[in-house]
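Quick notes on the structure that follows.
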Protein chains: 2
Amino acid sequence: MAEILKGKDVIASMKERMLKQVEELQSHGVTPCLAIVRLGAKADDLAYEKGAVKRCEGLGIKCVVMEYDESISQKELEDEIRKLNEDTGIHGILVFRPLPKHIDENAIKYVISPDKDVDCFSPVNVAKVFEGDDNGFAPCTPEAVMEMLEHYGVDVSGKRVVVIGRSLVVGKPLSMLLLRKNATVTICHTKTRDLGGTARTADILIAAAGKARMITKEFVSPGQIVIDVGINMDKDGNLCGDVDYDNVEKTVAMITPVPGGVGTVTTSILAKHVLAAAWRLSGVMGS
Amino acid sequence: MAEILKGKDVIASMKERMLKQVEELQSHGVTPCLAIVRLGAKADDLAYEKGAVKRCEGLGIKCVVMEYDESISQKELEDEIRKLNEDTGIHGILVFRPLPKHIDENAIKYVISPDKDVDCFSPVNVAKVFEGDDNGFAPCTPEAVMEMLEHYGVDVSGKRVVVIGRSLVVGKPLSMLLLRKNATVTICHTKTRDLGGTARTADILIAAAGKARMITKEFVSPGQIVIDVGINMDKDGNLCGDVDYDNVEKTVAMITPVPGGVGTVTTSILAKHVLAAAWRLSGVMGS
């Protein structure tokens, strides 16, 4: 029986720290504020937004939802983001992606202020993650993985970590965050030969492939720590991870569940980023 | 006896292609031009400059060396780089790093135009390398490795590649370039446990640790391809790589020498980048 690494304990511990920070910011007259930029009303966006607003407001972080028609022009959207950049009452900006096809996302990413870019959209923050510069904002999901590992006392230094998935949202930035903490990182993907054999050599196995229950017991070995970043729907419409949990958890030492694992921590990371931005932008020195 | 992957054959083949490109640019009235920004006169910088100028001029690429006193102020240097950004006769800018301590390199990197940044100094290009966007400029050394592999018909797709070294100049960007070509990449470093064991599992082993002759026969296995990115001086003052060549070459299938290997190809990559910049900036469509 593996130890189950639940998200809720991580969230509770982060909440305790963040409530104090919000209190201190407020004592300096600063109310941390996140602007959420949403085009149209996609179900996925609305679901994430609901969770993010709830998490932030529960901490005393104000949320402003900027909803635009999906048909907004490139120029209008850029102008709106520039207004948010300049608004001193706003500390963080989250832009839901992907943007509609008529919008040049590649141009938008240069518009958002790197100082308010709490979800690593700007190339400035992308470069910082790659460079190992902690002054930027990493994407929320990979940072949630790091937060979970730290919370549960897993020191990655010198460990063999196998990351399955090379997306720009999870696999690649997570590899950089792990490298920054001195892990030996192997990045695997659809073209990897003998994926199972490689996965079994890992001390820590991270599944971020986006493929329901692909990690079966043939991919794991005793003593491993398995982190499941996948959020998929199986053919019966049930939420599940990239890991075939029931099949795997008997073998490994630690495992994150889905739901209730990494995914639940991401909005706490978002809140953490808004607070970090508020500290820096308001010039209040944190304790 | 391993096949020796020499730089000179790669250079010759690149030269043939590039001479045609220069000819075509010139037929459109464009003389490709590289500006080299050097502060002071460090021996390393001068040696690289000499090689770069020779390589470029041998191809018909003009070089302008901008030498400044080491005591130049931040503002003056920024102004000089801005002038080069605006000069339509200049297509590529190479700034020798590290810059003197009184200069804020972190600020300078945002000044150089990403379109002329032929050695991946700008965060815009750093982010593109990380994102796998081929429209940017990767650092010259990792791209030289990719060029060598391609020249010698080594397809990295699906292969296990172990990169020893995680610098921002070689290890990290090279890992991204390899990943882009579908290699399964493991990034190792000083904190990696059982480095030898990991290295021996590689199909392709890349030494970019900057430690003279550290890769001995205990790190390699038969059939491997070994790429040596190291350029070191041994205790007798001889140039050598990270690989203990004589000790290793009996075991492996292919190996790059030092000198005469990867290092010799970097200035050809620099020239290639200047040409790419000249195509784009002049609006001439390449054949």
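Using N, Cα and C of the backbone, Cβ positions are placed for all residues, glycine too.
The annotation domain 'Tetrahydrofolate dehydrogenase/cyclohydrolase catalytic' is assigned in TrEMBL to A:5-119. Per TrEMBL, the feature domain 'Tetrahydrofolate dehydrogenase/cyclohydrolase NAD(P)-binding' maps to A:139-278. Summarising the annotation, TrEMBL assigns NADP(+) binding site to A:G165, A:R166, A:S167, A:I231.
Contact with chain B, taken as any Cβ pair under 8 Å, is found for none of the binding-site residues A:G165, A:S167, A:I231. For the NADP(+) site, whose annotated binding residues are A:G165, A:R166, A:S167, A:I231, the maximal Cα to Cα separation is 16 Å. The Cβ of A:S167 (NADP(+) binding site) lies under 8 Å from the Cβ of A:A208, A:G210, each of which sits 6+ residues away along the same chain. Break the domain 'Tetrahydrofolate dehydrogenase/cyclohydrolase NAD(P)-binding' (A:139-278) down by DSSP state and the numbers are 52 helix, 26 strand, 62 coil.
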